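K.L.:
Let me give you the structure first, and then I'll get to my questions.
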């Protein structure tokens, strides 16, 4: 990526003439390029070599004419927006994708059938026309609803644009100029100061106390020092490179631009995130599988009966009408709306629990998740450095790191602690922002870096106001922290009259501080710093460092009054005061502590077999300590390094398979082949990836997906966006998350709490179970809707159930009950189950079809036919008379058709009886659907065990009954929908069948519970 001539642009488009294969190969190559580690060598160059490579004078910068040439060659310093999907295409996908397509085909077939009838008959029935119109309306309404739900999604590049700084200070022709950041070119000499955003990737040429916040890029929460020194082979870790769009927190720096726009590290991440192919959600794959089943059944039945009707001597036009009728009757019209509404309801329920779902289908994906790759900072941890331990009086004391200060407290009476607290408060530039007196100390905003803020809050909590302490000890002189000295020093007036007038306080890297000390304070008394005390210090330092904590050393010195009288001029440039032979006081160590709820949440993920992997940009020791703290590495599980240390043998002699846990450094990951990565993911149950780059996060996600896992990724930085986009479900943080990560994600945790993910998994699993129940309920009524049509063709009887009445069931009485199943409570502890295997555990499987169609559906059809035959018999047509009567029955010109008793019936009278039969068949289906709804509440438990607590479902039972009664008895329905009033006794014909369905299924589930894995479970447990 270092660019003398500057043409290694990462554009992801290819020219058309190369043909599609070339384009695909190029795209794959581009993607592979982007996934590679950042390949920079500019950090290794000396300033002379840098001058030769970019032609930049390190005092005068580029000439304006040269800058214009480079701008013309490389283009503006801006990120290229990715090709976006137009809104109309998104809308069309909702209208014509998946399930909608099936309904459209149904609608077209209806219009076709109506067309054939209109061409061949004088007065065609309008049923097929109505059906076609209703089907089209259903698709359009649900399509608009889904589009509206998802319209708020995926604006990735817009937020990347927000990251681009507006202005930049460059030096051209020896003059400082403030120009638009888009005009910055490679080779420009740029100046940045605290508060600025870095305008491009810079090679630092000079710096004064410069620190940058790389957290959005690398995930490191601490500000990083920037200086001209080459400190690391890895360009992401070296001190002399500052990255585009990170923030300069303090100090100033001057540097040469080495990359602009898409060629910057951030540009590569942006291109990578926006050009990733996103896979389909598990639920959309399930729905497609379901459509294949339904379509298969419909076409098989349709074609079979088409051939049969031709054999039975029907005209081919009639046979085509039958074919279309059967195919359409198989389409569950209400199901599309049911699924959409169920997912929306769950999304709303999750929003109340702080999970905001951007993409409806992601609701279920989270339930199928088998691996969670979680970022550390801010997700598993509180994202605030906190003092965790102190070492003074030769003893380690534990501080309280809990969010609500409910943890341990230590002995604060020691004089050494008072001295330590005084240094931590005075040798500290952090201050609380104004007007926060009523805010709890831990929640207050602080101006200053993370470590100093932690010390400030700790001292404020333990010792009262730090401001008062600073007022009493006025600061006279200060040497700020720098990377060469590795300490910070300040001199204060001492208000305590028993001590000398001036107090020197110092903090910094523990080993550097100890080197400057000759005495140590123990229990308030100074004593010589002997080897024994040095060993004690070393042990404490190693122990705290091993906990992944950032350790600082503290010392002080009372400047003698005879040499440093009041008014003495302290010179911090030519130091005129002692900085050796000081008195060592103690250590304080800080960590970004785990969130309180995370340990429990990780445990909850573990019990159903969800693997939790930590992926972080932080140091391996810190990462491992937090992983142990939150249970990602569980107690007693060792890494290869732990085993080697325990057995006292070299690491390479340990068999990696013996270690259940594993900490992989980004540097090692870079050199692993995909096979080696697969091996790690397969054979270690507890994994931590530390010091990872954005590209590596993506490679880890792809590795998990190769194992067949459904992967959820949590993250908050820009660096997480490619992984969030690639994952089956990306989960971003709502509070700390960058805009970019929120746009790339499918779900946002509004409270940034990992524990909310567990709630999401639970809801996702529940919706999958409940969708199964809803589909089982909806499909069952398909059989009593299709069989009347089949008998109409085969047995030549008057039509028992009309098209309009079928619509009244699918889009009327069945809708509310089907949706009410989305509110059903979980049957058992769904968080104890293993994650769903997408290959074997389908939303709709053969067993569900067998129960819905073959068993319950057949009983329902029998109930309908029983009522149909009862009504016709009461009107004089016994079953034996009905066979073969259809042609005469439907003939308008036959007005003297005799029944079983010799009575003659006109066409009008016959049709009134037929439509009354349609209405009663419809009412019977409603009554048997009562039982079906109740048995669909549970797949394994008894109804008595499950209870009838679902209020929406009880409402659904009353609603469908009331609707059926309304359609039957409302005046005018005979004209509008051809539905006629029923005698009260006819409602009761279906009751025995309803009871039979209930008892049959209770018995089936009883056997299922008594004989787990038995024949009944294998054949009927859906």
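Count begins at 1; order follows the chain as displayed.
From the backbone N, Cα and C atoms, a Cβ is placed for every residue, glycine too.
Per Swiss-Prot, the feature active site, 4-aspartylphosphate intermediate maps to 375; the stated evidence is similarity to another entry. Under the heading ATP binding site, Swiss-Prot lists 486. The Mg(2+) binding site feature in Swiss-Prot is assigned to 716, 720. Annotated compositional bias 'Basic and acidic residues' per Swiss-Prot: 1-10, in sequence order. Annotation source Swiss-Prot lists phosphoserine at 16, 942. Sequence annotations record features per position, and here Swiss-Prot assigns topological domain 'Extracellular' to 108-130, 308-319, 792-801, 866-917, 970-984. Here Swiss-Prot flags 87-107, 131-151, 288-307, 320-337, 772-791, 802-822, 843-865, 918-937, 951-969, 985-1005 as transmembrane segment.
Looking at the shown structure, what environment does each listed feature sit in?
P.N.:
According to DSSP, residue 375 (active site, 4-aspartylphosphate intermediate) sits in a coil region rather than a helix or strand.
Over all protein chains present, the Cβ of residue 486 (ATP binding site) has 13 other Cβ atoms lying within 10 Å.
DSSP assigns residue 716 (Mg(2+) binding site) to coil in the three-state reduction, outside any helix or strand. In sequence order, 375, 377, 378, 379, 732, 733, 736, 737, 738, 741, 752 are the residues of the chain that are 6 or more apart from residue 716 (Mg(2+) binding site) and have a CB within less than 8 Å of its CB.
Listed in sequence order, 1002, 1005, 1006, 1009 are the same-chain residues at least 6 apart in sequence whose CB falls under 8 Å from the CB of residue 942 (phosphoserine).
Listed as Cβ neighbours of the topological domain 'Extracellular' (108-130) (distance under 8 Å, sequence separation of 6 or more from its ends, same chain) are residues 317, 320-321, 324-325, 327-328, 802-804, 807.
Residues of the same chain lying 6 or more positions beyond the ends of the topological domain 'Extracellular' (308-319) and with a Cβ under 8 Å from any Cβ of it are 116, 120, 793-794.
Nonlocal intrachain contacts for the topological domain 'Extracellular' (792-801), taken as residues 6+ away from its ends with a CB within less than 8 angstroms of a stretch CB, comprise 305, 308-309, 312, 314, 322, 784-785, 864-865, 868, 872, 882-887, 889-890, 910, 914, 917-918, 921-922.
Across the topological domain 'Extracellular' (866-917), the DSSP tally of helix, strand and coil residues reads 28 helix, 4 strand, 20 coil.
Within its own chain, the topological domain 'Extracellular' (970-984) is flanked in space by residues 802, 804-805, 808, 912, 915-916, 918-920, 922-923, which lie at least six positions past its ends and keep a Cβ under 8 Å from the stretch.
Sequence-distant contacts of the transmembrane segment (288-307) (same chain, six or more residues past either end, CB-CB distance under 8 Å): 98-99, 101-102, 319-320, 322-324, 326-327, 330-332, 775, 786, 790, 793-794, 842-844, 849, 853.
Residues 99-100, 102-103, 106, 109-110, 112-113, 116-117, 128, 131, 134-135, 138-139, 141-142, 294, 297-299, 301-303, 305-306, 309, 314, 775, 778-779, 782, 785-786, 789-790, 793, 803, 806-807, 810-811, 814-815, 818 of the same chain lie 6 or more positions beyond the ends of the transmembrane segment (320-337) yet place their CB under 8 Å from a CB of it.
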K.L.:
For the recorded positions listed here (375, 720), tell me which residue's CB has the most neighbouring CB atoms inside 10 Å.
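P.N.:
Answer returned by the neighbour count: 720.
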K.L.:
Would you kindly give the Cα-Cα distance separating residue 486 (ATP binding site) and residue 720 (Mg(2+) binding site), rounded to the nearest Å?
P.N.:
32
K.L.:
DSSP-wise, what's the residue breakdown of the topological domain 'Extracellular' (970-984) into helix, strand and coil?
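P.N.:
Per-class counts: 5 helix, 0 strand, 10 coil.
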K.L.:
State the residues, same chain only, that lie 6 or more residues beyond the ends of the transmembrane segment (131-151) and have a CB under 8 A from a CB inside it; answer 'none' if no residue qualifies.
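P.N.:
For the transmembrane segment (131-151), the sequence-distant neighbours (Cβ-Cβ under 8 Å, at least 6 residues beyond its ends) are 87, 90-91, 94-95, 100, 103-104, 106-108, 110-111, 114, 328, 331, 333-334, 336-337, 340, 344, 347, 358-360, 803, 807, 811.
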K.L.:
So are the transmembrane segment (802-822) and the transmembrane segment (951-969) touching or not, going by 3+ C-beta pairs under 8 A with a sequence gap of 6 or more?
P.N.:
yes
K.L.:
Average the pLDDT scores across the topological domain 'Extracellular' (108-130) and report the rounded value.
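P.N.:
Here the predicted model's pLDDT, averaged over the topological domain 'Extracellular' (108-130), is 84.
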K.L.:
Among 843-865, 918-937, 951-969, 985-1005, which stretch has the most Cβ pairs under 8 Å to the transmembrane segment (772-791)?
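P.N.:
Highest pair count goes to 843-865.
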K.L.:
Would you kindly list the residues that approach the transmembrane segment (918-937) from elsewhere in its chain, counting only those six or more residues past its ends and only Cβ-Cβ distances under 8 Å?
P.N.:
773-774, 776-777, 780-781, 784-785, 788, 799-802, 804-805, 808-809, 813-814, 817, 820-821, 824, 856, 859-860, 863-868, 871, 943, 946, 948, 950, 953, 956-957, 960-961, 964, 967-968, 978-982, 986-987, 989-991, 993-995, 997-998, 1001-1002
K.L.:
Please work out the helix, strand and coil residue numbers for the topological domain 'Extracellular' (792-801) from the DSSP assignment.
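P.N.:
Tallying H, G and I as helix, E and B as strand, the rest coil: 3 helix, 0 strand, 7 coil.
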